[in-house]
Amino acid sequence: MTDAQERATPDLGTLWTAAVDTLSPGARVWAHNAAPISLHEGIFIIGVADDLTRAQLESRVRPALEHELTARVGREVRLIVTIDEPRPESVPAPRGPDTQDQANVDETTSRQSDLGVVEGDATDGDTDGDADDADLDGDDDFVPSWAQPRPVQIRRGGAVEARLNPRYLFENFVIGSSNRFAHAAAVAASEAPGKAYNPLVIHGESGLGKTHLLHAIGHYVLNLYPSSRVRYVNSEEFTNDVINAISENRTAALRQKYREIDVLLVDDIQFLENKESTQTEFFHTFNALHNENKQIVMTSDRPPKNLRTLEERLRNRFEWGLQTEMLPPDLETRIAILRKKAALEKLTAPADVLEFIASKVQTNIRELEGALIRATAFANLQNQTVDMQLAQIVLKDLVAEGEEPEITVGMIMAQTAAYSELTIDDLCGANRSRNLVLARQIAMYLCRELTAMSLPQIGREFGGRDHTTVMHADRKIRKLMNEKHAVFNQVTELTNRIKAQARQS
Ligand SMILES: Nc1ncnc2c1ncn2[C@@H]1O[C@H](COP(=O)(O)OP(=O)(O)OP(=O)(O)O)[C@@H](O)[C@H]1O
């Protein structure tokens, strides 16, 4: 670090005191009752002893402090106020960065077996991105008392047990104005689980990065507190768990399973709508965890208050903490996401092509990534480099926002079945002949690419398969498109046919 940089970021205590000193006397009283905890990626976390102080700081003092801290740090700073009481015994101490390598090895070795319940060839050597190397070198030295390092027991394969996608890390997440606050809140919830905002609800339309943030929280928590129990669950899986437990008379075991968790990450809570017994069970789980200051983070395709058929008492609780919306990214952010994606996946595409793709795909980041993958896969197969001419040919079916006709799973199945000379029953059935498995995986990939359906929804449509099967199919086809002309052609041809059918209907 240069002298100039050091001068620009004084230590946390000095920075905090200097900012507090600029406040009016009335505001200063409240700020004096707070202690700085950490500063990381522009998120300044402070701890207070009680709710009253927190409420006062948030309502009266926060803007002035954020303004002052922003000026002093030289980047936008967001203040997060947490209740900094001693942590309950059940919340483990954070792990020091020195234990990280060991944990990564553990995770890599155990992942395959835990996610191994997938169809087809699960051993495609895909060990990508297992290591969770989220940045631990924050710009803070201060460590709150509850977070002082203590000897910790490293849990084997924490991220696997937690069911986290190894690619969805904070460090792979591009921050823009559309997601800045959601990202900040997610970081804060990870650094002080159960304290910052509980529950945290991240809502927004499909493909904007909600699931990515949810998993990133899980990874980061496991990095900081390696023996904590983190679990990611899709609401549909939770529903299935409840239904199975009820029918098999083992609801007590189910309760036990969920109530032992320190950080519960629940994806797509809109699927809890209209499911009475699931809602009841979730209500009790929620209360049990919340009472123990365990962190709950949820995602939803709309704000909880718009989940009309959700029980009032649940909706109420979802509004206790913080709700944050993710919006479609602007052009600069879309380009930055494509750059990041290209770097991560080692895809080479010049700047004008990235801009071309970013200008064509405006709202869904999944589609944005899909377009880049398609262009680079085509170039690979042709032994060519990606240029504008090639991109325009391959992506000619990309139409500007608003003109996109709706594509249904029925269309995808019908076109895939016809193309492969199979029936829809074949696609949904249990037969695992080579051809059939490939066609099924392509159809699943296309559902992921062309519709807003979630992984469990797709799995259900394909004969009640598990969401990990769909996840595997998605990865597998992405990989094969780069390696096999036939697969690339089939996916491209099918995409064109499906879009043509959608335009006609
Ligand atoms: N800001 C971002 N930076 C990098 N990648 C992103 C960002 N936002 C989204 N993505 C990527 O876009 C894809 C879709 O994101 P994700 O699945 O998290 O969306 P979602 O909002 O959960 O969608 P859905 O509601 O359909 O499940 C993922 O591959 C994710 O990594």
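Heads up, the Cβ atoms here are built off N, Cα and C, so glycines get one too.
So that you can see what the record holds, here are the features copied from TrEMBL:
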REGION    1-107  region 'Domain I, interacts with DnaA modulators'
REGION    84-146  region 'Disordered'
COMPBIAS  99-113  compositional bias 'Polar residues'
REGION    163-379  region 'Domain III, AAA+ region'
DOMAIN    196-324  domain 'AAA+ ATPase'
BINDING   Gly207, Gly209, Lys210, Thr211  ATP binding site
REGION    380-505  region 'Domain IV, binds dsDNA'
DOMAIN    408-477  domain 'Chromosomal replication initiator DnaA C-terminal'
- Message: Quick check on the domain 'Chromosomal replication initiator DnaA C-terminal' (408-477): DSSP residue counts for helix, strand, coil, in that order please.
- Response: 51 helix, 0 strand, 19 coil
- Note on the structure: Gly207 (ATP binding site), DSSP three-state class -> coil
- Residue, out of the binding-site residues Gly207, Gly209, whose Cβ gathers the largest set of other Cβ atoms within 10 Å: Gly209
- Protein Cβ atoms within 10 Å of Lys210 (ATP binding site), excluding its own: 25
- Task: Sort the residues of the domain 'AAA+ ATPase' (196-324) into helix, strand and coil with DSSP and give the three counts.
- Result: 67 helix, 23 strand, 39 coil
- Task: List, in sequence order, the residues of the same chain other than Gly207, Gly209, Lys210, Thr211 whose Cβ lies within 8 Å of the centroid of the Cβ atoms of the recorded ATP site.
- Result: Gly204, Ser206, Leu208, His212, Leu213, Thr299, Met326, Ile365, Arg366
- Task: Count the Cβ atoms, other than its own, that fall within 10 Å of the Cβ of Thr211 (ATP binding site), considering every protein chain shown.
- Result: 22
